[in-house]
Amino acid sequence: MGTRALLGLVLFLPLLWLRRAWAGSLNSPGLSECFQVNGADYRGHQNHTGPHGTGRPCLFWNQTQQHSYSSSSDPQGRWGLGAHNFCRNPDGDVQPWCYVAETEEGIYWRYCDIPTCHMPGYLGCFVDSGTPPALSGPSGTSTKLTVQVCLRFCRMKGYQLAGVEAGYACFCGSESDLARGRRAPATDCDQICFGHPGQLCGGDGRLGIYEVSVGSCQGNWTAPQGVIYSPDFPDEYGPDRNCSWVVGPSGAALELTFRLFELADPRDRLELRDVPSGSLLRAFDGTRPPPAGPLRLRVAALLLTFRSDARGHSQGFALTYRGLQDVVEDLVQPKGSAQTPVETPGEANSSCSPRPVTLQAAMGARVFSSVTVVSVLLFLLLSLLRLLRRRNCLLAPGKGPPALGPSRGTGRSWAVWYHRPRGMALPCPTGDSQAEGPAAGYRPLSASSQSSLRSLISAL
């Protein structure tokens, strides 16, 4: 009885840690499967239009030759199509989708509602009743509205949050607005941005809210982990951009992973430098991309500098970082002198591997870490045994299924923001109308929104 309870507790502790790690936005990127605003980079395994097997099943891409997109139209796998039926976005639509068995109404494809496919920095879809407004700061409208146009507007006004609505309206607000906001189903934010056919800008009476730090040209990042986007993201970066970010989480080293990297040419360049010495550690450009896997650097603080030339226009980059507390591998480190040579193209793209002279040190560090973990576990075990001696029994949760339902609260988690704000990806209960993906078409604007739009256009 005591052993089973102890094992249950040991298994439950990691779940608590995962739930805690899930919460957040730009500072919790680890659970996201998408880093582009339209999910074009999604390579996950959801094969229904709704999450957790809800909605309609997707057709296999190698059985859709009668349509515009199939595995035969993507022989190189650039769009992620193949002998599977996972949701993808091969045509740059507003979100991943898939073909479905044709209905009597002639509908043969649907969007996929994927909880883990929302770029870090997107906080979700919220109700905007107007009394009071969901975001209380300044607002504006534009027939060329994109997500970044609104982010830039609110950033210049000094606000933390930016919300897009009805395809053409932008609102600014703060953390206090978000705390009292009322969330809406993800499918309510279904209006295409007037300035970009591949982006969604809220819905009719619905705000899609972002952190304004997405796509900023500078920043100082001290959180244990986070995401850094190229300037103007999710739009393409512009010409003559000169941007820098300082990354300094606590730890002995840094780990970077590039989730997206598309620069126009060799003159558009991203440099990584050690902050104290200014030594150049790595440099990447349009012809020299970063390594596919994690890049580990033995630095306490890192300076990232991005420059584009007068013709620069491309999607840019998205990278995740995290601080490393224990260094058990041979990492790239600054030489501490001005004579440090710059890597050649071959060196810039190669990954670091342990050297023979550091093998013993690495093994010693691993042994020390293992002994430390075992010691901590033994200490916890002894503490639990003392507790069990004082008590007659230790209660453990039963084996019956929990009561599931939509989670409510003010927690902030971009990874599952649509249906599970608290971070637990639970299946929707039977009959939940939110589980089905959005319809193939878009709902018309309300009468008030149509009137506002006509007044805006007539004033141009």
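Including glycine, each Cβ sits where the backbone N, Cα and C put it.
Those TrEMBL annotations? Automatic predictions, nothing curated.
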According to TrEMBL, Cys170 takes part in a disulfide bond; indicate which of Cys150, Cys189, Cys193, Cys201 is its partner. Cys150
Between Cys125, Cys154, Cys243, which residue forms the disulfide that TrEMBL gives for Cys189? Cys125
With reference to TrEMBL, which of the candidate residues Cys87, Cys154 participates in the disulphide bond with Cys112? Cys87
Students should find that the Cα atoms of Cys217 (disulfide bond) and Cys189 (disulfide bond) sit apart, in Å rounded to an integer, by 27
Spatial neighbours of Cys172 (disulfide bond) among the disulfide-bonded residues Cys58, Cys98, Cys117, Cys150, using Cα within 10 Å, are Cys150
Go through the disulfide-bonded residues Cys34, Cys117, Cys154, Cys170 and tell me which ones have a CA within 10 A of the CA of Cys189 (disulfide bond). none
Which of the disulfide-bonded residues Cys87, Cys154, Cys243 has its Cα nearest to the Cα of Cys34 (disulfide bond)? Cys87
Would you kindly give the Cα-Cα distance separating Cys125 (disulfide bond) and Cys117 (disulfide bond), rounded to the nearest Å? 14
When you put Cys87 (disulfide bond) at the centre and draw a 10 Å sphere around its Cα, which of the disulfide-bonded residues Cys150, Cys154, Cys170, Cys193 have their Cα inside it? none
